[in-house]
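Asker: Encoded as structure tokens, here's the structure I'll be asking about.
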């Protein structure tokens, strides 16, 4: 294991020589042993304790413990602090040890796997941990790849092998890898034993899809790429055996390089807690100073007279020094205002909330057998505060299951079905789908409705034949034939699978491939093409090409790619074809379909040979290889002939429109960030109900320069009527705007297409609601990737943000993964709002990691997004339940928990402060030291935990039915500095009554036998009992949802208190520990007095009565929305009960409808408008507008006004 942790200097290049361990060892490369565990038996205790004391709270309590060990300043026994501290440290250590044990177990399981290694010319069984760089390994079918290997040879022809990369990227489709031709012949052990090639390549890195290196052998050099590599974590499939040379081992492998830690995220409540704890500590110091000054004065004025009877300690020589020691004593006594149990309780509550998410059957996808998963326990309450959702489109809003829907071939569109009158037939009116029975190799699941395309194939239309020939050749799909004619395609993307399947059904069946050939059955005839080159797809090129030689010897390049890229690379000889195809592309995109353009180019032999030489030289380059290859590809992918276009349908996921409508009603802004073209994204927006025809405007930003983008943004401001907020301070439309923009401002009713305009929406970098209050109507913003690049520049980002935030919906098209993250970061930076990003693919990872909360969809694009996320589930519709139910409840519970926790601890601790004025500031405690120890870990811990885990204000159905209930979390109304001070004030008020009511009673009270009641121990028992009962009644008032667990914990805790109280004052404990439990029978004697119980009852009433009165008045005069929902529930239950009674009585008579009294005007128009909204939500929010939404909106406006402008200047008056 020592080798695993050995640190080495960073590499500039990797050199590995086959079968030469002595040569490779001098570079001190990492072994193949992996170590993900943190501890061993010897290091666990010191390392774990060191890590735990990095927490400020733990260090603080250790400091207090040290103070308590100093006899001169401690009036409490050391165990009052060490017991809870050790308990917390032990629980955390056990958790860490358990986690690390499983890591050790996993490491040992992996490190001890067996592999066949070629050593001294013989294949030997070796553990993975003993494999070294430069070793040659033999892999067999279905085995895991032990390290990052250079493929040398395999059982398949031409050095091919097939792998599955699910552990690397989540994709279960098979991928092909190929050895370089020079090593194909190394198929037996004797030849491999003589192989002494040396690989010089890039140093270890985390790029899964890139590898650059060169093999030097037999005085020649051969370029190596990612297609020649087998990465650790892959599984060999459909290949009997293969041999590979170890290039990277252990921690240097790309799998381990990608296993870095995700940035730790903290909630806003955590950040607020850190501030509040500092304030409390400052308050603690102030109390200590006050009491220390009091002690010094008392000792100087009064204590000096009692030196004979109460001498100072030997170390104390003055009243000032006595006050100094008293300060530290009171710091120890009063430290319980922030008990260590607070942090443990918070983690327990969060863990419980996470399990509720994991166990939620309503978020379980039966089809995929996938439950929801909380991958972190630290962000649950932040789910109840989300204001912005950033969503990917493909695979997140849509299913990412592609269906070949339409196509355009040589200027003619196929896919629509027309009736006898020439009108398009709707789906329900269409005839039977096209019959593909002529093709024995057709996929029976494939459906197409336009028979004219099949007729064109059968009639021998050369353009249609070439169209499908391209689809059957230009791809990276792998074909598997389990039985004769039963084909299975393994595609790296569902788009490719859909296109190849379409070609298959129309008679151009991709049958098989080798590294140098592709075999296609063209209308029943097998044709084998020589594969000369694959110009692979990437996110920059946005296209892929193949160069093939047909059986007649003719060389042709086939290319497919994004229209924005490919149309610029066509030969200008057919403008009419280009125009008609462009029209079809726009039509397809307008229907929300995903489009690709197809083109080809004939090459002569000489031209191809020259290009192939340049490509070889570029592939051998040691530096900038990717750029050089891209440049070479660019040369040949030019002057192509347009063939047509494809249109693939990616259907919406179930429940997406309803989810978006519901989240919108909860005042959550949804922004779609997609790489798709503008028209496709916009039409998906309409399908999702993000965009509606009722919107005042949908602004489209398409500027290609900074000036154009700025003008479009400012034009949109004028259209919305917010020109007074223009950054330049202009109050009128700038004359520099284009004429069309000025005309648009004059006549805002003019639109283009589906209500779109050529200009943009206004921007408000402060709080969204400021603009919402000023903007009349609903607006949406659509912006392209090239425009977004300018909008995100430092001098324009605020204008863009204000524009976007004034809109109800925002769609960013053609954006890169980096731009997605930049948009999220922009909102985080200026809005100070909680953001959530949701996606399903590798291109969403950066966005997911940047947002406060990342949600991964386990869909068709692998599991990279899930692995990077904080929460995961299988369908977008579950997001509404995650936020509106689990998130809202988690926020509510955590806020109620914190408010109550601070209340009960201030009520408990501040009694010592008041007592200090009556005990000569001697740091004497009111309570018994055992009560102080057990108060937070036994007497009051479980009731508040039960409330924090189980409490609800309204049932889950109502949470979904009334999304406005979500708004208090967004405004942070339930726990903030104001609420904190209210809790502290209530705690201090309670402490005053807890001390002074018993103190006043005991001053004159007597026992039944006439003796004085007032003694220290009786007073301590009375105050402690009053405290336990008061805080128990208080948590009963705070609990909104009673379960058997709540009852058991609350009343059980009270019972446990009395049991322990009587036990500690019993004869039994006194006999065993006479020095510790001296006051035998005190509790029994004290609680036997009626005056004591009357005192406890009086204290409880005066502590609780103001709380009850305040809540009653608030409920009557100013109820919030949750109060109203509970009230309506109660009314419904009573009405149902009355109806049941009436039915039982059987009374007959006229039935009067309550419709006229409850109905609100305007719902008919709402239903007819087609907006997908919950009627009950609107009805209730309207019903409570006076008492609930009104004050929420006023608070929102106050928050907005207080925030000002992110630019720092004061906002100017808004103009309607």
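Just so you know, glycine gets a Cβ as well, placed from its N, Cα and C.
Below are the features listed in TrEMBL for this protein:
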type: ACT_SITE; residues: 392; note: active site, 4-aspartylphosphate intermediate
type: BINDING; residues: 392, 393, 394, 496, 537, 560, 594, 674, 675, 676, 814, 820, 843, 844; note: ATP binding site
type: BINDING; residues: 392, 394, 840, 844; note: Mg(2+) binding site
type: DOMAIN; residues: 17-82; note: domain 'P-type ATPase N-terminal'
type: DOMAIN; residues: 866-1119; note: domain 'P-type ATPase C-terminal'
type: REGION; residues: 1195-1216; note: region 'Disordered'
type: TRANSMEM; residues: 76-94; note: transmembrane segment
type: TRANSMEM; residues: 276-298; note: transmembrane segment
type: TRANSMEM; residues: 318-344; note: transmembrane segment
type: TRANSMEM; residues: 897-918; note: transmembrane segment
type: TRANSMEM; residues: 930-950; note: transmembrane segment
type: TRANSMEM; residues: 980-999; note: transmembrane segment
type: TRANSMEM; residues: 1019-1037; note: transmembrane segment
type: TRANSMEM; residues: 1049-1070; note: transmembrane segment
type: TRANSMEM; residues: 1090-1113; note: transmembrane segment
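Would you situate these features in the structure and describe their surroundings?
Answerer: Within the same chain, the residues at least 6 positions away from residue 675 (ATP binding site) whose Cβ sits under 8 Å from its Cβ are 394, 785, 813, 814, 815, 816, 843, listed in sequence order.
Taken residue by residue, the domain 'P-type ATPase N-terminal' (17-82) breaks down under DSSP into 31 helix, 1 strand, 34 coil.
With a cut-off of 8 Å between Cβ atoms, the residues of this chain six or more beyond the transmembrane segment (276-298) that come close are 57, 60, 319-320, 322-324, 326-328, 330-331, 334-335, 337-338, 913, 916-917, 920-923, 977, 980.
Counting same-chain residues at least six beyond the ends of the transmembrane segment (318-344), those with a Cβ under 8 angstroms from any Cβ of the stretch are 55, 57-58, 60-61, 64, 67-68, 70, 72-76, 81, 84-85, 87-88, 91, 277, 280-281, 283-285, 287-289, 291-297, 299-300, 303-304, 312, 901, 905-906, 908-909, 912-913, 916, 921-923, 925, 932, 935-937, 941.
Long-range Cβ contacts of the transmembrane segment (897-918) within its own chain (Cβ-Cβ under 8 Å, at least 6 residues beyond either end) map to 269, 273, 287, 291, 294, 330, 333-334, 336-339, 342, 345-346, 349, 924-927, 935-936, 940, 944, 947-948, 974-975, 979-980, 982-984, 986-988, 990-992, 994-996, 999, 1023, 1027, 1030-1031, 1034-1035, 1038.
Listed by sequence, the residues of this chain that lie at least six past the ends of the transmembrane segment (930-950) yet keep a Cβ under 8 A from its Cβ atoms are 76, 79-80, 83-84, 87, 336, 339, 341, 345, 348-349, 352-353, 893-894, 896-897, 900-901, 904-905, 908, 1020, 1024, 1028, 1031-1032, 1035, 1038-1039, 1041, 1043, 1045-1046, 1049-1050, 1052-1053, 1056-1057, 1060, 1064.
Within the same chain, residues 900, 903-904, 907-908, 911, 926-928, 931, 939-940, 943-944, 947, 990, 994-995, 997-999, 1002, 1050-1051, 1053-1054, 1057, 1061, 1082-1083, 1086-1087, 1092, 1095-1096, 1099-1100, 1103-1104, 1107-1108, 1111 sit at least 6 positions outside the transmembrane segment (1019-1037) and bring their C-beta atoms closer than 8 Å to a C-beta of that stretch.
Same-chain neighbours of the transmembrane segment (1049-1070): 928, 930, 934, 938-940, 942-943, 945-946, 1021, 1024-1025, 1028-1029, 1032, 1035-1036, 1039, 1076-1084, counting only residues six or more beyond its ends whose CB sits under 8 Å from a CB of the stretch.
Below 8 angstroms of C-beta separation, residues 986, 989-990, 993-994, 997-998, 1001-1002, 1005-1008, 1013, 1018, 1021-1022, 1025-1026, 1029-1030, 1033-1034, 1037 of the same chain, each at least six residues beyond the ends of the transmembrane segment (1090-1113), sit close to that stretch.
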Asker: Could you check which of the recorded positions (392, 537, 594) sits closest to residue 844 (Mg(2+) binding site), going Cα to Cα?
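Answerer: Comparing Cα positions, the candidate nearest residue 844 (Mg(2+) binding site) turns out to be 392.
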Asker: Distance between residue 537 (ATP binding site) and residue 840 (Mg(2+) binding site) at the Cα atoms, whole Å?
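Answerer: That comes out at 20 Å between the alpha carbons.
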Asker: Who are the long-range neighbours of the transmembrane segment (980-999) in its own chain, taking Cβ under 8 Å and residues 6 or more past its ends?
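Answerer: Long-range Cβ neighbours of the transmembrane segment (980-999): 276, 899-900, 902-911, 913-915, 918, 926, 1019, 1022-1023, 1026-1027, 1030, 1095, 1098-1099, 1102-1103, 1106-1107.
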Asker: In whole Å, how far does the CA atom of residue 392 (active site, 4-aspartylphosphate intermediate) lie from that of residue 840 (Mg(2+) binding site)?
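Answerer: Counting only the Cα atoms, the answer is 8 Å.
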Asker: Mind looking up the mean pLDDT for the domain 'P-type ATPase N-terminal' (17-82) in the predicted model?
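Answerer: When the pLDDT values over the domain 'P-type ATPase N-terminal' (17-82) are averaged, the result is 82.
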Asker: If you draw a 10 Å sphere around the Cβ of residue 594 (ATP binding site), how many other Cβ atoms fall inside it, taking every protein chain shown into account?
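Answerer: Excluding its own Cβ, the number within 10 Å is 20.
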Asker: Can you tell me the CA-to-CA distance separating residue 840 (Mg(2+) binding site) and residue 594 (ATP binding site), as a whole number of Å?
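Answerer: The separation of the Cα atoms works out to 18 Å.
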Asker: Work through the binding-site residues one by one (394, 843) and point out the residue whose CB has the fewest other CB atoms within 10 angstroms.
Answerer: 843
